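Below you'll find the structure, written out as C-alpha cells, and then a few comments.
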Amino acid sequence: MSGRHDKEKGVNVQVLLRCRPFSEDELRSNAPQVVTCNDYQREVAVSQNIAGKHIDRVFTFDKVFGPSAQQRDLYEQAVVPIVHEVLEGFNCTIFAYGQTGTGKTYTMEGECKRSKSGPNGELPPEAGVIPRAVKQIFDTLESQNAEYSVKVTFLELYNEEITDLLAPEEISRVALEEKQKKQLPLMEDGKGGVLVRGLEEEIVTSASEIFTLLERGSAKRRTAETFLNKQSSRSHSLFSITIHIKEATPEGEELIKCGKLNLVDLAGSENISRSGAREIFDELQNTLSTHQGELALFAREMRQRFHVSCEQRKEVSEYMNGFLDKILEQCKNLENHAVQADAVQMKNIDDFQKAYEEQSKSDAEKLVADINHLVSSHLQHQKELVDARLADLRETATGNKAVLDGHVSSMEYVSTDAKRKWQEFSMQTENDAKDIADYSATKHCRMESLLQQCVSTAGSAFKHWEKTLDSVNEMGNDHVSKLVSLTRNASDSIEQHDAEVGSARVTAEQDVAKNTEDVLKHIDRVSEVEQGSVSNILEAVKAHSNTLETFREDHSGEAAAIDGRAKETFEQQYMDYEPTGATPSRSEPDVPSKGTIESLRAMPVENLLDEFRENNTYESFEVKELKPSLIPRSPLVQLNQQ
Ligand SMILES: Nc1ncnc2c1ncn2[C@@H]1O[C@H](COP(=O)(O)OP(=O)(O)OP(=O)(O)O)[C@@H](O)[C@H]1O
C-alpha cells in the first residue's frame, strides 16, 4: 500500500497483516493456534514445533488486524487514507497476499452483493475493500461538485495469460475457449509503465454501475473456472479505477488531476510460483536465515583474509625494506668505486705531470691539456657510464617500487575494504545487538510495568477480597441471627399450631361420633319406613293381582257373552237369502266405517299404555274415576257394551 505522507517520509510500501478467525471446521477439529496477534504493538508471534523443539518468532508489521477486526475497522484504519491519495491524483495499489483460504477475497471483496445493501445504498458489514473504496470515491466526487470521469478495468492473470473480465459476454463454451486462445498482450506504454492492449475500459457514473460490472466480471471468472477446471486460488485478479477530476486554480487555470487505484486479489501464495511470483512472508525468512549464515561465514572469511593480508603486508614491507637496503648498498658501492677511480686517476695524472714536467715544460702544458681533455673525456665517459648504470638501477628500483606500491595499495585496498566491511558488519551486529537489547529492555520494562500492574491489581484485589470477606461475614452473622429468631418464631407457631390442631381434632372426633350416631339413627328410621313401604307395596301388588284376576275372569265371561251375542246378531242379520216367494225386506246392518277401522288400527300402543297408567297409578291404589278415553272407539265398542 502506498500513501503521500509515507512518500514524504521516504516509505512507499506498507505491509499490513490480517489474521482471520478460526472456521467452524477448524474449531470442530480443535486446530492448534499458532499465530497470536498484538494489534496494539503491531506484532505477530508465530509458534512452531520444529523437530520437537518449540520455537516462538515475533514479526513486526506496519499494522496488525487480529481475528476480531471487522471489515470496517480494516478499511477505516488502512484504506481510507489511500483512497484520499488517489482522489488527490496519486497512483496507489492495494493487494492481498496469502495462502489459499486465509481470507484474501473476503478482505478485498467481502459480501458486496447489492441485494444485501441497505435502503440508502449503505453497504453490509461484510463488504470488503473494493465496494467500500468505490463508495468512498463516488461519495467524495458527488459531494465536491467538480467535473469528473471514472473508468474501470477488471482482468484476470492466470499462468501469465491475461483475460479481460469486462469484455462482452461469450455464452457458449466454444466461444469461451476461442476467447481463451486470444489472450491479451502486455506492452510497455512508453512512460515506464505497462498496458494491456485491447483491455475494455468501462466509463462509469455511479457506484451501483461498478457493482454491476464487478458482479459481471466475477460471474465470468466463475464461468471460466467451470469450463477450464481451474480455481480462483490459482489466478490473480486486478480491478483498476482511474479518476480524472477537473479543477480550477484560484488564478482561474484549469487543472486536471488523475489518480488510479489498483485493487489486486492475488492467487494463493502456495500457487504463486505458477505465475512468476514466489512465496514471500517463508522466502524472506529463509533468505534472512541464509543471509545471516552467509554473513557469519563472510565475516569469518573476512577476518581470515584480513589476517592473511596483514601477514602479506608485513612480508612485503620486510622484502621491500631488504630490497631497498640492497639497492642503497649497491649505490654506495658504486659511489665508492667512482671515488676510488677518481683518486687513482688523479694520482696517475699527478705522477704523469711530474714526469712530464721533468721532460719538457712547454710541451707539458699541451700534453697536460690533451691529457686533461682525455681524462675529462674519460671521466665524463666514466661518469656517464656510472650515471647510466645508476639511472638503470633507479629505473628498475622505481619500477619495482611501483609494482610493490601497486601490490601494497591493492593490499591496502583489500585490507581497508575488509576492514570497512568488518567495521560495517561489526556496527550492524552491534546495532542489531543494541536493537535486540533495546527491544528486550523495552520488553523487560513492559514486563516490569505489567508485573507492577499485576502486583497492584493483586493488592487491590486482595483488599477488595478482604472487604468482601468482612461484608460476607457480617451478612452471614446477620443472616444467622435472623435465621435463629425466624426459627424460634416458626417453632413457637408450630407448637401453637399443633395445640390448635389437637383441640380441633378432638372436637372433630366428637362431632364425627355424634354425627355417626345421628346418621345411624336416621338410617334405622329410614329402614323402618322402607320396610313399611315395602309391605304396603306388597299388599298393593297382592290387591292388584286379585283385581287383575277378577278382571280377567270378568273379561273372559264378558268375552264369551259378546261372542254369543255376536253370533246371534250375525245369525239374525246376515242369514243366507232363501227364496220364499215374498219380497225381501231391506236390512241396514250396523257396520263400522272405514275411517273408524283405520283410526283403530293406527292407535299407538304407547297411548294405550299411557292411558292405562293414568288410570292405574302406584301412588294410590284407590279406585279412581276413569277419565273419558281420548282414544276413538270403534262402533264395535258400542256393540261390546250392549
Ligand atoms: N476476517 C474474516 N472473518 C470471517 N470469515 C473470514 C474472514 N476471512 C476469511 N473468512 C472466511 O474464510 C474462508 C476463506 O476465505 P477466502 O475465500 O477469502 O480465502 P482466499 O485467501 O481468498 O482463498 P483463495 O486463495 O482460495 O481464493 C471464507 O469462507 C471466508 O468467508
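Placed from the backbone N, Cα and C atoms, the Cβ positions cover glycine too.
From a predicted model like this one, the values you see are computed outputs, not experimental measurements.
According to TrEMBL, the ATP binding site annotation covers GLY98, GLN99, THR100, GLY101, THR102, GLY103, LYS104, THR105. Annotation source TrEMBL lists domain 'Kinesin motor' at 12-278. What TrEMBL records for 578-599 is region 'Disordered'.
Highlighted here are the binding-site residues (GLN99, THR100, THR102, LYS104) whose C-beta falls below 6 Å from ligand 1: THR100, THR102, LYS104, in sequence order. Once Cβ contacts within 10 Å are tallied over all protein chains shown, the binding-site residues THR100, GLY103, LYS104, THR105 are led by LYS104. The Cβ neighbour count for THR102 (ATP binding site), using a 10 Å radius and every protein chain shown, is 16. Neighbour density at the Cβ, taken as the number of other Cβ atoms within 10 Å, is lowest among the binding-site residues GLY98, GLY101 for GLY101.
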